[in-house]
Each structure stands twice: as C-alpha cells, then as structure tokens.
Amino acid sequence: MSYPGYPPPPGGYPPAPGGGAWGGAGYPPPSMPPIGLDNVANYAGQFNQDYLSGMAANMSGTFGGANVPPNLYPGAPGGGYPPVPPGGFGQPPPTQPSVPPYGVYPPPGGNPPSGVPSYPPFPGAPVPGQPMPPPGHQPPGPYPGQLPVTYPGQSPVPPPGQQPMPSYPGYPGSGTVTPAVPPVQFGNRGTITDASGFDPLRDAEVLRKAMKGFGTDEQAIIDCLGSRSNKQRQQILLSFKTAYGKDLIKDLKSELSGNFEKTILALMKTPILFDAYEIKEAIKGAGTDEACLIEILASRSNEHIRELNKAYKTEFKKTLEEAIRSDTSGHFQRLLISLSQGNRDESTNVDMSLVQRDVQELYAAGENRLGTDESKFNAVLCSRSRAHLVAVFNEYQRMTGRDIEKSICREMSGDLEQGMLAVVKCLKNTPAFFAERLNRAMRGAGTKDRTLIRIMVSRSEIDLLDIRAEYKRMYGKSLYHDISGDTSGDYRKILLKICGGND
C-alpha cells in the first residue's frame with residue numbers, strides 16, 4: 001500500500017489501463033500532492049529505505065511479528081495482494097504478479113475494496129472484506145464454516161447476545177436451536193371402559209341380590225363391578241341408595257373381607273379420593289410407606305394432583321403439604337412437596353438451548369463435582385415439561401456416556417434416590433415404571449398386596465394394556481400369569497378381571 005511521503009516500493013504497480021482519476025496516463029501523478037513538507041527540499045530522497053526496513057524488522061522482533069501462514073486467506077478473483085513474506089512485515093516485497101483488473105487495488109491511503117481480503121484482523125474485528133460496523137453494533141459473523149477470529153489458544157467467540165458455554169468433557173457447545181421434537185404422549189389404553197347398554201338401576205338390583213340372604217354371590221359382584229368404568233360405578237352407588245335407601249359401600253364392607261374387599265372398595269372410590277386415602281394410609285402410624293408417596297406424586301398429572309390437594313383437605317382437615325412435612329424430612333421432603341404442587345410445565349415445545357443448559361447444570365451438580373447439589377436436580381426434574389426432560393435425558397446420555405438413572409444412583413441414596421429415580425422412570429416410560437412396581441410387589445416370598453391393588457385399580461382405565469405389554473417385554477411372562485401364581489380365591493378373580501386377559 002502506498003502512502004504520501006514514502007517512496008514507492010520496489011517493483012511497484014504499473015499504471016492500470018484506461019483513464020480517470022486513478023488510472024491511465026494521469027496515473028501516477030507527476031508530483032505528489034502537498035502534505036505540509038513543501039519547504040523541505042527533496043524530501044522524498046531524505047528517507048533511507050534501508051533504515052525503514054531495519055526499523056520495521058526491529059519492531060517485528062520486539063512485538064512478536066505478525067507471521068501469517070501462506071494461503072490463509074484466499075486471493076481475490078483475478079489477482080490481489082501477494083502473500084505476506086515469511087520474514088514478517090517490513091521486509092522487501094518479492095516480485096509483483098501481473099497487473100490485476102482495474103479497481104482491485106485501493107487508492108493511495110485507502111483500504112482494499114469490498115471482497116478483497118486484508119491482513120488477519122484482531123479478535124472481534126470484522127471479517128476481512130466487510131466494513132466496520134457503526135458504533136454500538138456488533139461486527140458481522142464469519143463466513144459459513146469459518147470460525148471467529150481469536151488469539152492463539154483462545155476459545156471461539158460466541159455469537160452476539162449468547163453467553164459462552166462452559167467446557168465439559170465430550171460435550172460440544174451449541175447455539176439456541178429449537179428443532180421440532182414430537183410431544184411425548186400419555187398412555188390411554190385401559191382394560192376397563194364404559195360398558196355399552198349400561199343401566200345403573202339394573203346393576204344396583206344385581207348387587208342387591210348378590211348380597212341378600214345367606215351367603216354372598218362374589219362372582220356376580222366381580223362380573224358387575226369389574227366390567228364398569230369408575231364413572232358408571234358412581235352412578236350405581238347413587239341408584240342403589242335411591243332404590244333401596246341403603247349405602248352400597250356399607251353393604252359391601254359387611255359382606256366381603258380380606259384383599260377381595262379392599263380391591264372392591266378401591267374400585268368404588270373415585271380416582272382422586274382413592275389416592276387421598278392411599279396417601280393418608282401411607283403416612284399414618286409408625287413408619288411411612290415412602291414408595292407409595294413417590295408412586296402417586298411422581299406419576300399423576302397436574303390436574304389430578306391439584307384435585308388431590310382439594311380432596312385431601314376436605315377429607316382430613318389438613319393440607320397435603322402439611323401431611324408431607326409432618327412425616328418426612330430433608331431433600332426427600334422437598335422433592336415430595338415440589339411434586340405435590342401440580343405445577344409442572346405442560347408445554348410440548350422443546351428449546352434445545354435450554355435442554356443443553358439443563359444438561360450442563362445437572363452434570364455440574366452431580367458427576368462433575370465433589371458431593372451433590374440435590375436442589376438443582378429437584379428444580380429441573382420437578383418443574384420442566386415431560387417432553388423437555390425426555391430430551392434432557394437423551395442429551396445427558398450423549399454428553400456423559402452415562403444414563404441419568406445411573407448418575408442418580410451414584411450421587412444419591414435412600415428415599416431421595418428412589419424418589420428421583422421414580423420421577424425419571426415415569427417421565428421416560430410410565431407403563432414400564434408400573435410394570436417394574438408390579439413385578440417387585442409379587443417377587444419373592446410374600447406379596448405387597450396394597451401396591452398390587454393400587455396399581456391395578458388406578459391404571460385400569462389409563463394404560464393397563466400398555467403396562468401388560470411392558471411387563472411381558474421386561475420379564476418374559478405375562479402379568480396375568482404372575483397374578484394367577486401369586487394370588488388366590490376371589491381376590492385373584494377380581495384382579496384377573498381388571499387385568500383383562502392373558503398376553
């Protein structure tokens with residue numbers, strides 16, 4: 001580049017063809033324009049070219065030079081500046097190439113025209129060939145596929161407005177991309193549906209006859225109540241009292257016993273009231289059935305949990321949160337209270353930038369630190385939407401090479417571990433979660449009958465067909481088969497009726 005007051009470099013550019021201000025016979029001008037040195041005679045000859053070269057070389061050695069690898073920047077079409085010599089700036093240029101087309105070289109004192117690369121910029125400078133942005137504006141981004149300019153060893157500069165992402169092993173940073181993620185669907189395949197041709201008064205009469213006189217026709221009760229939806233059973237209750245002036249629930253209690261009675265009475269409660277009584281039973285007396293609390297609060301919908309709070313307060317004159325606080329403690333208590341709010345995000349959209357942030361925070365709260373920040377797991381697992389968390393679990397697996405469940409097992413223990421695992425399993429695959437619970441209820445010596453009854457009744461109109469399929473897939477035997485082998489009598493009959501068939 002030529003500047004006024006400096007002699008032209010050796011091998012300078014010959015005049016470009018054509019006329020005009022910057023070419024033709026008038027270029028270069030016969031004399032330099034006045035620049036304030038008019039009184040200095042022969043000023044151009046006063047500068048020693050060797051001195052200039054030596055000064056530049058000295059500066060290059062002092063400040064580290066600016067050695068640029070050859071071919072780092074592509075040349076402009078039709079020619080352009082020659083590559084920087086290996087010795088750094090200030091060295092005599094090599095032989096110049098052929099004359100480029102008109103307009104490629106800048107005017108004296110100017111910059112290269114748009115589209116012609118210049119020397120490597122400083123970090124944060126505009127991409128070569130692009131103008132400086134106006135004050136207050138961010139410089140434009142690099143060309144597609146080109147990394148932002150940085151100092152050696154410096155991490156790439158994030159786009160304007162985006163925070164730099166922390167570095168985690170095996171986890172590349174990503175922008176705020178929001179791809180379309182299909183929403184996770186809840187199961188809606190129950191074994192019990194509304195009976196066709198339903199007549200509540202006729203069913204009330206059938207039940208009356210089954211309990212009248214000496215003995216009880218348990219099979220008639222099983223056939224009637226085991227094939228009606230909960231909504232229809234509530235109508236039977238009303239019709240029974242209307243027709244006979246008696247409470248059907250009291251009659252059933254007086255005629256039935258054992259686990260068969262418990263199953264029939266569970267069928268007669270509304271789903272909300274049934275859960276309220278199950279929670280009450282889980283926390284009353286000595287000891288707490290933590291697994292019951294976890295199962296109910298981790299698997300129910302927001303609407304169900306909000307209605308459960310109302311029903312609990314009505315039935316037992318204290319809030320569900322007060323009941324939880326009185327019988328649990330620590331991080332497990334906080335988990336249950338968070339779940340009992342029924343306030344999980346229910347959107348189906350997934351923002352992958354938020355997914356990546358949650359993955360990083362979970363990793364930093366557990367695997368990437370000494371100890372565990374349980375509150376961070378609680379905040380993410382209890383508030384984010386189902387679709388969002390499924391994406392988080394998949395991304396966590398990709399980043400760490402470890403399933404989120406394995407990380408929870410490594411970082412937590414006791415009731416908190418079981419609670420967090422239940423939340424994750426329900427979000428991943430609710431039918432598989434209940435299939436595992438059913439298998440554990442019947443595994444080994446003895447049967448956890450309350451768990452067996454609760455799951456069979458509460459899921460009978462939601463996803464019991466899906467639970468059956470998962471059970472067969474996970475354990476190689478049908479749910480029907482295992483119930484048959486682990487129960488007996490009328491209790492077995494009503495459970496098999498609810499199960500709806502063998503797989």
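Just so it is clear, glycine is given a Cβ too, placed from its N, Cα and C backbone atoms.
Record features (Swiss-Prot):
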| type | residues | note |
| --- | --- | --- |
| COMPBIAS | 1-17 | compositional bias 'Pro residues' |
| COMPBIAS | 80-145 | compositional bias 'Pro residues' |
| COMPBIAS | 155-169 | compositional bias 'Pro residues' |
| MOD_RES | K246 | N6-acetyllysine |
| MOD_RES | K253 | N6-acetyllysine |
| MOD_RES | K477 | N6-acetyllysine |
| REGION | 1-35 | region 'Disordered' |
| REGION | 56-178 | region 'Disordered' |
| REPEAT | 198-269 | repeat 'Annexin 1' |
| REPEAT | 270-341 | repeat 'Annexin 2' |
| REPEAT | 353-425 | repeat 'Annexin 3' |
| REPEAT | 429-500 | repeat 'Annexin 4' |
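Positions of Swiss-Prot features highlighted on the structure.
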{"residue": "K246", "record": "N6-acetyllysine", "Cβ neighbours (10 Å)": "12"}
{"residue": "K253", "record": "N6-acetyllysine", "Cβ neighbours (10 Å)": "13"}
{"residue": "K477", "record": "N6-acetyllysine", "Cβ neighbours (10 Å)": "13"}
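Classification of K253 (N6-acetyllysine) by DSSP places it within a helix. Note: the repeat 'Annexin 4' (429-500) comprises 54 helix, 0 strand, 18 coil (DSSP; helix = H, G, I, strand = E, B). Taking CA atoms as the reference points, K253 (N6-acetyllysine) and K477 (N6-acetyllysine) are 34 Å apart.
Between the alpha carbons (Cα) of K246 (N6-acetyllysine) and K477 (N6-acetyllysine) lies a span of roughly 43 Å. According to DSSP, the repeat 'Annexin 3' (353-425) comprises 58 helix, 0 strand, 15 coil. In the three-state DSSP assignment, the secondary structure recorded for K246 (N6-acetyllysine) is coil.
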